[in-house]
Each structure stands twice: as C-alpha cells, then as structure tokens.
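Comments concern the structure below.
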Amino acid sequence: MKISIIGGGAWGSTLAQLLTDNNHQILINEINLEYVNKINNGIHPIFNQILKDVKATVSLSETLEFSDFIVLCLPTRVMRLTLRKINKIISQPKYFINVSKGMEIENYKIIYQIVQEEITIQNIKNYACVMGPSHAEDVILRKLTLLVAASLDFSFACKVQKIFYNYNYLRVYSSNDLYGVEICSAFKNVLALISGVLDSFDFGYNFQAGFISRGLLEMAKVVDFFKGDKQTVFGLTGLGDLIVTAFNENSRNYQAGKKIGLGMEIKDIIKNSSQSIEGINNLKAFYNLSLEKKIDLPIVKEAYQMIFNYKSIKIILNNLLKRPLKLEKIF
C-alpha cells in the first residue's frame, strides 16, 4: 500500500520507518530541505538513525498524488493552513489519518474538527487517528509500543489498526471513541507541562501522584463535554500517554515545564526547541474552553495563571489547597 505522510519531523519520519517495516511504500512531505535531504540519504532527521526505503519531497502536490492515504503529522498551529492547501490540490477523495496531538487555541477544535472544516466532504473518504504512549526515540529503535487507532467508523479504525500494527514491536488497539482519544491526547500535554513545573520545585512524589490523579479527573470532564467516553481517560491515550509524557526526561512538554519552573521565559523555550511543544498552546486552549463553557478545571486555571500571568507557585498552591473540602467522586 502507498501512504503519504505530511510532516517529516521526529514522529513523522519514525512512523515512516514503521510503515516501511510493514511493507508499505512511503513518501513524506516536509518543508525543511535539510530534513528532506537527510531522509533521502537514509538518515532520520532528528535521531540520526538509519531509515530504510523512505523517501521525502518538499512538493506537497507530489506527496498528495502519491497515495489515497494521508497521514497528518504536523504541529496544531499549522494544521488548518496546511489542510486548506491540501483541499485546493486534491482532485479525488482521500483517507485522512491524524497522528498529531493538539487543540487549536482560538476555538478549541481538535484535529478531526479542523479536517471537517477545511476539507470538503467530497474529498474525505474517511478519518481516523492513531494515538497513545509513543515517544519517537523509542519507536525508531523498534522498542515495544502500544497504540490506539480510533474512528467514528469502527470498520475504518480496524483497517488503520492493521496498517500500523507490527507483530515485532508495535501493537495497535481499535476504538470508536474518536473524540475521547483526541481530547485525551491533547490534554495530557497540559498535564505533562505542569508536571515538569512541579518537578522543578521538588514537591515530592506524594503531591505528584495527587496532581496526576486530579488531573485525570479534569481530563475526563473535558472528554465528557465533547461527548466522548470517559473510560478512554484510563486507557492508552489517557493514563498511558500521560505516564510516558509527564515523568519522562525525553518529553518536550515535561522539559518545557521544568524550564518554566526554573524561570526561563516561554518565548525562549519555544525559540530554543527544534520541535513543537504542544502543551503550551494546549494549556491556553483548555483554559479558554473552561472559561467559555464553564467547565470546572481548577488545575488548568491555576496553571495558566502561574505560567502566563506569572503568579507565584505559593499563591497557586494556596488557591488549590483552600478549595472547599468535598467527597472524592470520580464520575
């Protein structure tokens, strides 16, 4: 099968190798010419591992003509604009598979909703996402990984499941909870960012565990708002992805949070990062969502005040600890 990947960074190039291992033909579209040259010379652009039989081009039209399966692997901030370009180029319907984890700041749309708005319905054969605890640096080394393929059309989720499944190192589960999976995958970026901030202050494991538990509850509230399945929060794309992101030194969001806690300016963190840090924009998105839709997300709200309005950690913790005492109720 031929598969086109839009975005050849850390994750896009890694998935290209996985799909090539699965005997698919891959063409990556990447705007960074240096990345394109490295990929075409058989080298992963970020990790410098060997890539076999993976090709890349700067031409978006060439990539779209290559196959009917389009894998979206882009930062959320450029997703809408890129989809508009795609919609102008394609002349026949495509299958869209999203592997990007994020939410738009302005209108808190997940990637599925952005695709619906920017790609005319006649150009969409079907849509799925593939998410889960999956640091690219492990997958490129073919370390064991578990993911979830989700679609509103369960039969298509199962089709995508088989495309990505590799019996040697990557197992894929299927789901029809598309909204829940994409929300969890975006929200965990926020919790990982906050986890990094907390670690920089060395509050200890007790508080870290409490924060994660209550953070999952807030994740569930957002999933419920989007009419997703709250049980998804405790699966691979919720708790699973949170574990690998919130406590891992290789996590961009966790590292960004640590730097914020140590006093580094956000603009400098973004400037010095070669890869997208989705947690920063996702925090803004979920904060705005909580205000407009009146969703009670105390951790998100206080984290926003600390990170963007420079409130002291002492004030933030006092605000959280002085909330009215109540029954622990999960759902």
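Keep in mind that glycine also has a Cβ here, set from the backbone N, Cα and C atoms.
Swiss-Prot names TRP11, LYS101, ARG252, GLU278 for binding NADPH. Of ALA128, ALA136, ALA209, ALA220, the residue it gives for the same site is ALA136. Same-site candidate for sn-glycerol 3-phosphate binding, as annotated by Swiss-Prot with LYS101, GLY132, SER134, ASP241, SER251, ARG252, ASN253, chosen from LYS38, LYS188, LYS311, LYS314: LYS188. Following the DSSP three-state reduction, the secondary structure of ASP241 (sn-glycerol 3-phosphate binding site) is helix.
Checking the binding-site residues (GLY132, SER134, ASP241, SER251, ASN253) against TRP11 (NADPH binding site) with a 10 Å Cα-Cα cut-off leaves SER134. Among the record's sn-glycerol 3-phosphate binders, LYS101, GLY132, SER134, LYS188, ASP241, SER251, ARG252, ASN253, no two C-alpha atoms are more than 16 Å apart, and one pair sits at exactly that spread. Across the residues annotated as binding NADPH (TRP11, LYS101, ALA136, ARG252, GLU278), the widest Cα-Cα separation comes to 15 Å.
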